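Let me begin by presenting the structure, written as structure tokens, before commenting on it.
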Amino acid sequence: MGEGGLPPAFQLLLRACDQGDTETARRLLEPGAAEPAERGAEPEAGAEPAGAEVAGPGAAAAGAVGAPVPVDCSDEAGNTALQFAAAGGHEPLVRFLLRRGASVNSRNHYGWSALMQAARFGHVSVAHLLLDHGADVNAQNRLGASVLTVASRGGHLGVVKLLLEAGAFVDHHHPSGEQLGLGGSRDEPLDITALMAAIQHGHEAVVRLLMEWGADPNHAARTVGWSPLMLAALTGRLGVAQQLVEKGANPDHLSVLEKTAFEVALDCKHRDLVDYLDPLTTVRPKTDEEKRRPDIFHALKMGNFQLVKEIADEDPSHVNLVNGDGATPLMLAAVTGQLALVQLLVERHADVDKQDSVHGWTALMQATYHGNKEIVKYLLNQGADVTLRAKNGYTAFDLVMLLNDPDTELVRLLASVCMQVNKDKGRPSHQPPLPHSKVRQPWSIPVLPDDKGGLKSWWNRMSNRFRKLKLMQTLPRGLSSNQPLPFSDEPEPALDSTMRAAPQDKTSRSALPDAAPVTKDNGPGSTRGEKEDTLLTTMLRNGAPLTRLPSDKLKAVIPPFLPPSSFELWSSDRSRTRHNGKADPMKTALPQRASRGHPVGGGGTDTTPVRPVKFPSLPRSPASSANSGNFNHSPHSSGGSSGVGVSRHGGELLNRSGGSIDNVLSQIAAQRKKAAGLLEQKPSHRSSPVGPAPGSSPSELPASPAGGSAPVGKKLETSKRPPSGTSTTSKSTSPTLTPSPSPKGHTAESSVSSSSSHRQSKSSGGSSSGTITDEDELTGILKKLSLEKYQPIFEEQEVDMEAFLTLTDGDLKELGIKTDGSRQQILAAISELNAGKGRERQILQETIHNFHSSFESSASNTRAPGNSPCA
């Protein structure tokens with residue numbers, strides 16, 4: 001026959017199963033058993049034609065076929081012999097095919113199984129037989145119709161009851177993965193339940209049975225939103241509608257076209273259903289005019305102020321409506337940036353603090369994120385809550401920090417309001433520890449300034465300072481204390497309680513590590529810089545206390561200062577020159593710092609201007625532990641316990657531009673690889689406009705010129721110099737400065753311990769000064785790489801810029817950076833820095849190396865023979 005390309009034997013078997021011809025199917029499936037039967041019939045006269053007529057071409061084909069036909073052969077649509085037999089209700093043939101091993105759950109190309117075919121035509125006995133052989137009772141076809149739905153559509157009550165007793169899901173939507181094995185590509189099959197199919201075709205008995213088994217009367221199709229009650233209204237089945245309402249069907253349910261079952265019955269002119277549903281329905285049909293009028297959300301999208309006003313005036317509740325995304329009209333107006341609409345909605349009592357149901361954003365957050373500054377101002381004036389958090393934990397202030405180029409005024413505005421709110425609520429009794437500090441003593445937390453209007457005034461002055469700085473000459477260093485301060489004339493608050501340690505002797509050196517995490521910078525002038533840094537950190541934590549932000553540092557709130565196009569090192573320092581117009585090599589080589597004089601000893605001693613020291617070229621003496629010994633300061637020096645005279649070296653003291661000075665002893669201390677040190681000394685109050693000095697020297701104090709006040713002998717005690725090959729994360733003990741008794745009987749000041757959180761490493765004999773510039777350069781690099789989350793690791797391990805440029809992949813793994821991609825980014829940045837600035841850094845390091853070599857030789861010659869090095 002060859003029809004459709006199927007072998008003739010296949011076609012014969014499928015036709016036999018469709019017709020219920022068990023004998024032909026047996027001959028085709030068991031040719032060995034059929035031949036003897038035919039031979040036994042030959043001797044009978046006249047039987048052969050009858051046999052041939054009965055068997056027909058099937059017998060001839062069976063004799064021609066030498067091998068048996070596969071029991072699971074199928075036609076072009078994938079229908080098997082078992083499916084044909086089940087659809088026809090031929091129970092003996094179905095039983096025979098199952099004994100021959102036919103697959104009970106095989107599907108055709110449309111996802112239909114043999115059980116579906118039996119249920120479709122209501123063959124209870126065949127369905128029972130298939131279920132006994134393991135047929136899937138919850139199978140679905142490619143359209144999403146289940147076996148129960150197929151049976152309910154046909155109104156076959158017996159099959160429906162059999163399927164329910166066999167465990168069929170009454171609403172068939174419980175298993176989530178049923179249609180995965182059907183070969184279909186539709187993500188959303190028709191969501192028609194058995195109850196809906198029975199109602200649509202008017203099978204009340206099946207509806208009653210399904211309702212008794214717990215069918216959901218309010219299950220609506222996702223695509224059109226139709227409920228079973230709407231289908232009953234469509235078909236005009238009053239009895240079915242009454243059953244549904246008795247079981248809890250909602251008559252006010254709306255379809256996607258916003259129609260109720262009452263409107264469906266009205267449209268279909270089913271008067272009995274209209275009369276029945278009318279008193280039950282509270283959602284009344286809209287007039288044609290109402291249907292043509294756009295809702296308030298559409299009016300807002302069009303920007304039609306007059307239409308929004310009319311809608312709000314007609315029904316004030318519309319201003320707080322919620323759309324499908326959980327958003328209110330005020331949120332939509334805040335996104336579009338239309339201030340007039342925002343004002344109108346707020347005047348109509350729109351809830352300014354309402355959060356959407358999807359992300360938890362408020363109108364203030366939307367306006368902030370989209371940069372609508374005027375709307376932010378207006379909402380804040382209307383009392384919008386800045387402390388509300390979205391579902392991801394962000395506040396409005398946090399969102400503005402995430403913008404690539406946030407508006408400075410917007411940042412100031414939100415920050416000031418956040419601080420004011422926290423000030424009104426009262427600051428917490430204890431502050432959380434900063435990420436970079438593992439150990440923080442209670443006395444090490446600076447007090448927030450309360451002068452000139454409190455935090456808000458302080459933030460305004462700080463923001464004004466941002467505006468005065470030039471963009472091209474500013475590194476991303478946060479509030480580096482070597483910049484001129486516009487409010488430096490303020491008296492510095494005494495921080496004795498926070499910055500002074502108790503008097504110590506030589507044996508108290510073991511207590512230094514506990515004090516090390518107090519501040520990042522040392523020197524008595526660094527107290528102001530530390531106070532600013534901690535103040536800003538505290539302010540950000542109070543204003544936006546979200547710890548999941550990329551960083552809690554101030555750098556996140558300096559939007560005008562964009563990072564440079566490439567990694568620039570020392571660019572700020574190279575641009576500075578001396579007053580006489582001549583470039584100062586020491587300024588070029590070393591990051592700039594500022595120092596504040598602290599006269600001690602004689603109470604009325606005035607500090608003299610401190611100027612850079614010009615050193616003669618002296619031969620270098622071998623480096624030894626003697627260089628770390630005790631120094632007897634020159635009798636020409638005066639000015640307190642830590643005053644060091646340098647005039648005998650031939651150095652001339654000159655005043656530096658901008659009030660920023662480099663103290664040479666800080667470089668000596670840095671080369672000795674002293675561990676983190678903080679010079680804690682009683683700060684003196686002076687009105688000289690000199691910025692705070694975040695230095696790394698234990699002796700960063702000004703020296704008076706020769707001929708000053710009477711000399712005061714002091715004893716400088718330092719620990720033994722560590723080997724030059726110390727790692728970048730050295731934890732060596734900090735050197736200690738212990739003043740000896742004054743010859744004039746003056747009470748000695750409290751001993752000062754030197755400890756800095758910047759543990760400096762030395763490369764090629766040079767050193768990097770422990771200024772805040774190094775840290776903020778490193779911070780800027782991490783920010784540009786979007787790796788701010790690793791900043792606490794570098795701060796905890798005290799990796800400065802010099803050490804950062806020498807890190808390897810193994811070092812990064814030891815630091816705790818486990819992600820390969822992050823390590824590759826950091827290594828690429830290090831390579832770029834070293835490649836682009838290699839020559840310049842080499843010159844810098846050679847300059848520092850020569851400077852230290854010269855000064856070490858000079859310093860070692862100035863020691864008095866009576867002093868022996870410390871043990």
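Glycine residues also receive a Cβ, built from the backbone N, Cα and C atoms like all the rest.
Per Swiss-Prot, the features are:
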- ASN138: 3-hydroxyasparagine (MOD_RES)
- 28-54: region 'Disordered' (REGION)
- 424-445: region 'Disordered' (REGION)
- 477-532: region 'Disordered' (REGION)
- 565-659: region 'Disordered' (REGION)
- 672-775: region 'Disordered' (REGION)
- 110-139: repeat 'ANK 3' (REPEAT)
- 291-321: repeat 'ANK 8' (REPEAT)
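Summed and averaged per residue, pLDDT over the repeat 'ANK 8' (291-321) gives 77. Secondary structure by DSSP for the repeat 'ANK 8' (291-321): 24 helix, 0 strand, 7 coil.
All protein chains shown were included, and the count of other CB atoms within 10 Å of the CB of ASN138 (3-hydroxyasparagine) stands at 16. The DSSP secondary structure for ASN138 (3-hydroxyasparagine) is coil.
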